[in-house]
Each structure stands twice: as structure tokens, then as C-alpha cells.
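Okay, so here's the structure we're looking at.
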Amino acid sequence: MKTIAIIGKPNVGKSSLFNRLAKERIAITSDVSGTTRDIKKQVIEIEGNEVLLVDTGGIELKETGLFGKVRELALRAAKEADVVLYMVDGKMRPQDDDISLFRALHRENEHLFLVVNKIDNDKEKERGWEFAEFGAEKLLFISVSHNRGVGALQREIADVLGLEAPQEIVLSEDDEEDLEEYLVSLEEEEIEEIEEAPSEIRVGIIGKVNVGKSSLLNALLGSERSVVSDVAGTTIDPVDESMEIEGQKVLFVDTAGIRRRGKIEGIEKYALDRTQKALEKADIALLVLDCSLPFADLDEKIGGLVDKFSLGVIVVLNKWDIRSREFKEVEKEVRHRFKYLEHAPLVTVSAQNGRHIDMLKEKILKVYENFSRRIPTSILNKTIMEASARHPLPSDHGKIVRIYYATQYGVCPPQISLVMNRPNSLHFSYKRYVVNFLRDRFDFEGSPILIRARKRGEKLQDEIEALGED
């Protein structure tokens, strides 16, 4: 028979969970620390299968005598169990001795769950992600007193133990709450992973004068909507045109071409101002480069607007039919000149003959998908903890710098907050490392990733605005 051991410090709710899983009051529960001194055992059912549940005494690392014996028995029970539920009090902050014991137990038993109890609502659950620093593969939030998350815990246990539920299940009244909770959890996960489809994707077309922006717009639309001329600077006002790509409405803004500062006069100053205002509202920028000519410093400065407005980006290599170099050579120069756009995909096109225009349309949708990507909180925290385990944060003059947990508080672009003990000590190079680590795990091609650091209990201004708080 499979064995499940509940272990943890006194008064974290072990006996209450034992009673909840056993569906009867067997273990005595009390607010007095250390009420449970003997190991309690009870055969229970999980997914229609019998398992042995073991309620250990509360562990105090420094206790001797009676409580030292309790600790010894509890640790032995944990080593012998098939699954260990290490419980902590979610109302308290993570304790170093808990972390040390948890990691020691993990060396003895690979099926070790970290169960954070007393998480009574979603706000407390967000704070509960501080416990991600334990490095647990299975991190579960429950409230035994509110019967919150207990059903999900049972399903995780069944999954690890390979317990298969009977094909026909008749739900009792008690089980209906678990089922409802499970369905709600599925809905919440769906909400985290899938953002509501945008009413329209706003795409700004930017580049120097006469690189073919208006020709590109006409090629995308399939008709001549924007005036095309060999005279540099024909487009003065941004031109808005919309179309549908695979059922998704896309609004294109053909912006005015940008000249070197010394040559900007009168009405073109107005045009530059209008262009920047258009980009403020854009989601994605198509940075158009003329491949029939050498790239210039001005191309780099225009590319800087993408970084300034944190836009999704595609580098469009136009006039590819009359290019003077091969792709590898062009790609090498683009990556060298536009280091801040290393995440941008490159698409070769010819606005004149329609080459790769359909490919560009598909890439616009893909980049927007990445630009609006939301990582489920549990997966995000596991990824951040893996990153910090592989490459620990540098200390700050001998003081430990630690990431407690992470939350993604915004999309378009993805915005992630790292909750830390010393946020001011997060070096830009480590921030870049975290961004690159996320790019290795998830598809963020064409999208910037914004990383912020803050203390516990604080919210940054953009985080407050994203959450709609006062």
C-alpha cells in the first residue's frame, strides 16, 4: 500500500489536513503549538484507491528530549513514505530552517510536495509565491479550513503515485465542492494562458525617407492606398489603413520618412512629431531597411524608436530583388548595428514585386502573439528559480541578494516584476541574463521583455497602472 506522510513545523495545519483527507476527525487539532506528538496513521481513499496517510508530529529543528524524539520519528516516516507533503504556514514568510530541512528531505525523497496552508484568497496566493525560493518541483496552495485547493492536492498525489480513478464515478455532496473547485482552477489557468483577442493590431511602418514604406503598405493591402514617388519625403502625415489577416483586423500606419536632424525643416518637423505620436499607440513596428544601399547611422537611430516605445518589431529587408549582398552578410551587419533588436526576426521582401509579403503578414500575427504572451504564474516562478539556481545572483558587498518570487503584471509587452530583498542590487547584466533565459524557454521572438525589481509589499508605478489600482 502506498504511503503519504505529512510533515512540517508545529501548528501549520498538519492534523487539520489529515482530518480533511480522512473525512473524519481523528487527529486532535489546536492552536497550541506541538499538540500532535504521536504519529497517527489512517487508511484513506484517493481517486478510489486505498493509501496509508501518516500524520507526523511537529518538527522543531533545535528541540531535544520529547520533541527531539518526535522530530526523529517524523523524519524517519518521511524517508519511508512514497509521497511527502511538507506543510508550511502561508500567513508567515519563508523560514530559513524550513528551507534547509525541505532541501535535506528532497535528497531523501524525490516525491516531495511543498504545501502552503492558510491561503484563503487570491491575494494571499500571490504573496504565497514567496515560497518558490524553496525550489520545490510541486508547490501547492491550500486552505484546509476553507477546503480550498485540497481537491487539487489529491489529484497531484494520485498523479505522482500513478493512481487511476475508476471509470465510473458517482459524486457525493462532499465531492461536488472539489469538482467545482477543479473546474474553476481550469478556468483560471485558461485565463492565465489565453488573453482576449485584440480588436485590432496596430502596426507602425518606420524607416528613412525613400526606403519603400509606402510601397510596402500598398503591397500589404493589395492595392495602391498610399502615394508612391521617387521624391524623398512624399509621405508627410501618417496614413492609417486597415485590413484583415486570417480574420484579425490589423491597422497599418505608414509614417513619415525620417531624415538626418540637420535636414529636417518646417513641415517635416511636424511630420516627425506625428510619427512619434503614432508609434506611442502602436503594438508592432516594421523597421524597413533598403537592401540596395549600405545601411547608415540614421537607420540605427530610427531603430532606437522601437526600443524607446517598447514595441514588438520585425526588421523588413526591402528591395531584396536588387540587393547588393547575400543574406548572411546582411544579417551579420543588422545584428551588429541593431544589437538592441537582437530578438527581432528578419524578413526579406520586395514591395515592388510582392516577394514574401504573405510571409510578412504571418510574421506580424506571430510577433503579436509573442508580444501579448502571458506565462502562467507557477511556470514563471519555476523558470525564474531555475535561472537563479543555475546562475546565482551576485552578492551586494557580501550581503545575499535573493529573488523571492516573480509575477507577470502586464502584456504588450510582457512585463515581469521580481520581488527581491535588495531590488536596487539587481545589476543590468543579471536582468539581461533573466531575459535571455526566458527567451530560451518561451517564444518571445520579436517582443521585448520588461523586467522590474521591487521589495515585498511595494508596487511599481507601471505595475499599479497595469493592475488598475489607485
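Yeah, the Cβs are placed from backbone N, Cα and C, and that goes for glycine too.
Feature list (source: Swiss-Prot):
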type	residues	note
BINDING	8-15, 55-59, 117-120	GTP 1 binding site
BINDING	207-214, 254-258, 318-321	GTP 2 binding site
DOMAIN	2-165	domain 'EngA-type G 1'
DOMAIN	201-372	domain 'EngA-type G 2'
DOMAIN	373-457	domain 'KH-like'
* Compute the C-alpha separation of Thr56 (GTP 1 binding site) from Asn210 (GTP 2 binding site), stating it in Å without decimals. => 76
* State the mean pLDDT for the domain 'KH-like' (373-457). => 93
* Take the Cβ of Gly8 (GTP 1 binding site) and count every other Cβ within 10 Å, whichever protein chain it belongs to. => 25
* In the domain 'KH-like' (373-457), how many residues does DSSP call helix, how many strand, and how many coil? -> 31 helix, 21 strand, 33 coil
* **Between Asn210 (GTP 2 binding site) and Gly8 (GTP 1 binding site), the C-alpha gap once rounded to whole angstrom** => 69
* Going by C-alpha positions, which of the binding-site residues (Gly8, Lys14, Ile59) is nearest Gly207 (GTP 2 binding site)? -> Gly8
* Cα-Cα distance linking Lys213 (GTP 2 binding site) and Lys14 (GTP 1 binding site), given in Å to the nearest integer -> 66
* From binding-site residues Gly8, Asn11, Ile59, the one whose Cα lies nearest Lys213 (GTP 2 binding site) -> Gly8
* Asked: Which state, by DSSP, holds Lys14 (GTP 1 binding site): helix, strand or coil?
  -> helix
* Let me know the most crowded of the binding-site residues, choosing from Asn11, Thr56, Asn210 and counting other Cβ atoms within 10 Å. => Thr56
